[in-house]
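Novice: Structure in structure tokens, see below.
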Amino acid sequence: MSSIPTPPDANGNPLIALAVAVIYAILYVLQGVKYGVSLLTIGIPSCIVRMLQYSLTISLGFPHLLALFAGALLALFFLIRYRYLTRYAQLKESALPPPSPPALASRLLPLDGDGLGLPDSRSQTSSFHNYLDDFLSAIRIFGYLEKPVFHELSRHLQTRRLAAGDTLEIGGGEFWCVVEGKVQVFAPDASSQGTPTPSSDTNSPTRPSFNGYHLLNEVSTGGTLSSLFSILSLFTEDIKLSWKSSADDEGEEEQIFEGAPEQSSAKLRVRRANSDVSQLGPDSIGVRAMDPTPLPESIDSHGDSSVPQRRRERSSSIDAAGETVREREGIFASASLPISSTEPPSPRRSQSLRSSPRLNSATNLLSSQSEHLRSSVPRKAGIEIGSKALKGTIARATEDTTLAVIPAAAFRKLTRKFPKASGTIVQVVLERFSRVTFMTAHKYLGLTREILQTESSLNLLVTHPLPRSFYTGGGMQALRARFQPEALAKESVHYDSLKSSPNARVSSKDYFNYVPASPTVKAPSLPAMTPKPLSPIIHKSSLGQTATTTVKNEPLNGGSSPLDETRDKVPSFGLSTAAATNPDASFRHASPFIRRTSAMRQQVAAGDLAMSVHNLPDESGQAYYRPTAITPGLSKMDTWQRRYSSSWNLNDSPHTDGQPVDPQRDDESLLNESFDLKEAVLNSIAKSIGLYQEAESNSDMIARSSMAPSVSALSTPNSPMFPPNAGTPLQGSTRSRPPHFGNVLDLINASSQNEGVIGGMLREAAFNSRPDDEASSISMSLHDSQGGASGVDRKIMKDLERHVEILFFKKGSVLVKEGERSPGMYYVIDGFLETSLPFRSTSSNQENPNSTPGSKHRQSSFGSSNERPFKTALGLDTSKGKELDDGSKKDEALFTVKPGGIAGYLSSLCCTDSYVDITAKTDCFVGFLPHHTLERIIERRPIVLLTLAKRLLSLLSPLVLHIDAALDWQQLNAGQVLYEKGDKSTDFYIVINGRLRAFTEKNDNMHVLREYGQNDSIGELDVITAVDRSETVHAIRDSELVRIPAALFDAISIKHPETTVQFMRLIAGRVRRALGDEMNGRVPGLPTTDMNLKTVCVLGSTRNVPVTQFAGKLKNALEEIGASTSYLDQGIVMRHLGRHAFARIGKLKVAGWLADQEQHYRTVLYVADSPPASQWTLTCIRQADLVLVVSMGDDPSLGEYEKLLLATKTTARKELILLHDERTVAPGSTRQWLSNRPWIQTHYHVELPGVVTPARPIPPVHDAAAIAAFKHLREQVETRIKKYRGLRPFTRPRRPPHMNDFARIARRLCGQQIGLVLGGGGARGISHIGMLQALEEFGIPIDAIGGCSIGSFVGGLYARETDLLETAGRTKQFSGRMGSMWRILSDVTYPFVSYTTGHEFNRGIYKAFYNTHIEDFWIPFFANSTNITHSRMEVHRTGYAWRYVRASMTLAGLLPPLSDNGNLLVDGGYMDNTPIQPLRENGIRDIIVVDVGSVDDTSPRDYGDSVSGWWIFFNRFNPFYERRVLSMTEISSRLTYVSSVKTLEGVKATPGCHYIAMPVQQFDTLGGFKRFSEVMEIGLKAGRETLKKWKEEGKLPTGLVDEAKGSKAVQRGNRLRRMSI
């Protein structure tokens, strides 16, 4: 069947058709099977047989084979060239977007408060005003109040309703607050007689005059109307101003000054001895008679010493306090009115509180600087001291208003019922007054003299000289003899010129040859043994006696202020005439006292006049002193006798050796035979500060109200408030008995770094002996309260005596500098201390854009000032050198502290920075009471603060009190808006605590302008220029502000033009900085520096992160650079505040204590070491100016703590810390972290040995057999080699201090970062490596690097792992590639875009960086380039490093532009060859700029109008041809610098910019790559010379907050390791 026949016709029958179809289908299948079988069995085999029978012959000659081989090589070349060698082109990732600005809390999602237990403080306030909430917000000014105290005040709460336009006098002792409505506060104008009710009529178009009243403030709902000082007077009714001597001594003083009526100041002292009444008349302070009108009748004549007369004086002097409105006519006016010109007082009581003050036309101006010698107040009507000055203050309702008032009777009752709580309220009020009113008047209102007149008056008031017998009996000669031999011993080593001086020896026949040293008087470096007495001695019984005769003092030579002339008339027992007239004595004064080196000294004396502040061992190399970071004063003095513990605990306070001194154990037979100078000095200080209070008829009232101790008698060492191992000088070996100062003082010493005052609103809680005992905080010791002060005083004095130091200061030494925290109180034994107001330059605070007047000093006030007594006591203070000599000519002398006076009284007790400089006018011997000891006195004896409050009440001018009444203390919650853009500018603000951010919104984008930290001012420019708000300001965290009304500023400016001058300086500085930013090309809208960071939260991403270890190392790094730091974790806070610290009842306690920590430390670290949902973790986040998110780099996903951080909606700046075990980062690993966290502002890589990051399981990949065999062979070879290498211990190399990562973070927190900018210049940039080596040799840390062109290449290599050797090696490899002519020729192409393809250039850069990202670099790095698509400069901080380094090095014409997401990038030098602005925007203050592109060749070039390249080419071989034509590369290079020359000039003029031009201009841009070693050597030499020059000139940046303290960190650390066991 060869073929299938045609099927028959079915004739229309379907069945037949179907059968035919089936049959034919089977036939077709069978036919296909036949065909397939025949093909497989016959067709294919036959075809194969035929193919094998054919034969093919190919014949190729050599040319053909050569061409074929060349073609194969060419194909292989193109395959490798464009497939293998261009793999770098595949490394393309777009740069990460810039970090999102901190969003406002209102933009975030609602807070899940139910799940986290967080109240959303940023929710909109309800329209329903809660009466109680407004009242509570008002009384928060008093700090934390216990329940009984709060209930006591609430019982007396009253309300007053005022209709719109109604007035109310509020100048009494009541406490007023606005519950609802708005009230205007008016004060009577001293220049016109005021009517009782102010009206709104204006008499002048320039100044609103409300019928003789000033508008001070406008208070809305929740604000307070009362001045705090009007309330202080209620608590100080029974306090006397000064110590009163015995009646016999009074009579002696009266006889002494009987014939000297012109000495008004002296008579005032006599009257103050006769009475505790404040003599507030102008005669007591020397006011010139300006008008024949009679003086107020309270100015009395010299009265007798009888008690009735004292009572009359006490009652009659009230009116003078309020009716004498003092006149301002100068700084210090001389005394001119004799006492006899006054009239005797009339024995009448004071007027009622509601009466208006009578204004005398003769004394209607503001107070004079010299008119502040005030004394005490009456016993009953004491409220009129503070209120008299404020009397007549009127509140007028602008709308229907409801006021809440606590009457004066409530505070009186509170004083008697809860004396301890009253003392706490006084302390809070004083603290707020010093931090708010004093700071505002001093820094912003230019009223420093108004405060200084109070200080000068206080100085006169607290003068209590030593007994005259001390001076007449040879005590001063003996004191000098004790100091002098030690100075001569040192002089024999250091001062060879004085070695042979005959006057340098002290006569052996001095007082101390006969009188042995008291065992409790341990002067510095005294001999260990003192001979027995050979002659009669002075007994201690003469301590309290007053001299019967006086030594009249001659004025000092030189300029003395008018006050000095007045004070010369004050009797002083402290000046030795021998010291003033004897040349030998003057020589002894001038000799520097330096601690001798003795073979008996086995360790450092704790009080060796602080010679050891230099941290250098003595000449024998045996001892040195290591001060702690916050030491406020001097150490405990001893004579190195073997009576202390042999172990020297370096963690203890330098004021103690860890064991108290027992006077009974040393020379008991001589105890009563020697004059105890320390005890005498301490007694005088105790009288001056009010620690001694005499018992009178109302002693029981005093004991109940003011002398009650502030520590409960229930305190026991077993209390939870006792931290373990809290060895203090007050406990020592007697731990079993209760300490003298109670458990709170142990808490103060619980940490060696905690020397601050436990104050603020938390004082009450810190004193709880049992945190769960609610009544313990307001209880008191019955024995102490009823038994008077004698026993308590004796115990306190016995303990405090050990802390008194006797110091010698050379003439010209600076004891305290303006703007620094006072180290303590100085009692002048002999000599004079001068208080002067330093000249404030308007350019002194231009450095910090956020700085306010005086804030520049404040940065160093936390560290350096505490150690100043150590240096200045020996004249070794380096800070007084040339700067002091130049500035002393401009300083304005204010007053002189004479023997018996106290310097630093106000600043020490108020815990404020000093407003003046205190210098030694002559060689001085002073008694020094350290600041921490004063704090303990304050804690134990509130009478000291009450006395200060009483004195301030009587001495402060009405202007300061009116300012205090007008200032408003305001509190903002986190996220709350202070004011919005477009609001009316009615007030400006000062930040007390917290942080705020200013921003503007444009096109739905938020642009952060700046951030405000502690002591920064907000909005004053808008107020002065009378424009609407130009920005929106909101609180980053809970913040405390001072609101200064514009009305107050206007009122003060009229009377005090210096206030306007002060503000004009402030505004001029702001405008000047703004113009400077504009001239320097600063990009608008970018945030300014944020150096003023106070609180830092250390938050781990997960529970496994070692935040405690990280924070501990960070704290040590902060203190090593000189920044005092408070370390707070949950355990420390609970030990201080009790177990209820984080409960709702303890919220105010925690807030007050944390605010106090911020006030006393440069930086506060909040360590979140508790579970995520705990209250402490939430507190850490809420309190932070900056949040450091610490992670170990194991999992880039968000951790539980980070989720909590986002849920709290905090708007604080957030930065990421990635911990690594070694100094290397896996390429690309950082990008995953940053991409998941767009809210991170910046990140840091930190090396923390011991961090174990578990390796992720890698999916198994089956290698080919050949690769597996090769790996097996490699392992075998490595195993065999290890046998011959031996066992070596694994030692991790210790990083040098300038490469410490924790120090880098610390410098960032303190705003002390050092940046490095490396400029472009082709091959000349090889010299950058030499500069880097010079920086390492000088130990200069580098915290950030920026580069342009070749500078980005070298800087990027160094920033990668900070390895100088690797940087030099890879740069040399790149130079070899660029110097190879063959590589350049192989890359040449048709010059349409450029002469080369750029491939070889790309390969050279890629071989140096490979696939590393910029964010993987160990040090923050950026490179700049020029975007020719959009004609702008680009700054690259993320992305593949090789690409953006290549973009920054793209020289147009030689290389094609780099395409990055459609943008064409070329060399950054076309825009800015030394880009410093990106570093400035990151808050880096000191920037070292290395410029290698400067072209100094400006010689004229003349070569005609046309140039033949061939002619120049052939003339290259002509030795006599001088080429004057620039090559293309040189022209292109110069073209780069033409565009950036203006920017370079701005860089040179930028403050904080250290510019160096490398002398490498003789090298070509490309040809210099062949001379690598030569260029690098030139850079190293130039770098060394420049850094050495800067160091000699004092311009070398070190990154230290405190130069003196931080420079010794390395030496201290090394020596401690060598001397440890």
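Note: Cβ is positioned from N, Cα and C throughout, glycine not excepted.
According to Swiss-Prot, the protein has these features:
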ACT_SITE  D1467  active site, proton acceptor
BINDING   788-907  nucleoside 3',5'-cyclic phosphate 1 binding site
MOTIF     1320-1325  motif 'GXGXXG'
TRANSMEM  13-33  transmembrane segment
TRANSMEM  60-80  transmembrane segment
Novice: Let me spell it out: take the motif 'GXGXXG' (1320-1325), skip the flanking residues so only those 6+ beyond its ends count, and list any with a Cβ under 8 Å from a Cβ in it.
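Specialist: Distant Cβ neighbours of the motif 'GXGXXG' (1320-1325) are 1347-1354, 1375, 1378, 1448-1449, 1451, 1467-1469, 1473, 1491-1493, 1529, 1533, 1536, 1558, 1560-1561, 1563-1569, 1571, 1575.
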Novice: Measure from the Cβ of H803 (nucleoside 3',5'-cyclic phosphate 1 binding site) and count the other Cβ atoms within 10 Å, all protein chains considered.
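Specialist: Result for H803 (nucleoside 3',5'-cyclic phosphate 1 binding site): 27 other Cβ atoms within 10 Å.
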Novice: Given the recorded positions E818, D1467, which one is most crowded in terms of C-beta atoms within 10 angstroms?
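Specialist: Result of the Cβ crowding comparison: D1467.
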Novice: Please identify, from the binding-site residues L833, A893, the residue with the sparsest Cβ neighbourhood, meaning fewest other Cβ atoms within 10 angstroms.
Specialist: A893
Novice: Summarise the model's confidence over the motif 'GXGXXG' (1320-1325) as a mean pLDDT value.
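Specialist: Overall, the motif 'GXGXXG' (1320-1325) comes to a mean pLDDT of 92.
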Novice: What are the DSSP helix/strand/coil residue counts across the motif 'GXGXXG' (1320-1325)?
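Specialist: Tallied per class, the motif 'GXGXXG' (1320-1325) gives 4 helix, 0 strand, 2 coil.
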Novice: Can you tell me how far the Cα of D1467 (active site, proton acceptor) sits from the Cα of E818 (nucleoside 3',5'-cyclic phosphate 1 binding site), in Å?
Specialist: 49
Novice: Tell me, by DSSP, whether L833 (nucleoside 3',5'-cyclic phosphate 1 binding site) is helix, strand or coil?
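Specialist: Its secondary structure by DSSP: strand.
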Novice: Under DSSP, is H803 (nucleoside 3',5'-cyclic phosphate 1 binding site) helix, strand or coil?
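Specialist: Note: H803 (nucleoside 3',5'-cyclic phosphate 1 binding site) is helical by DSSP.
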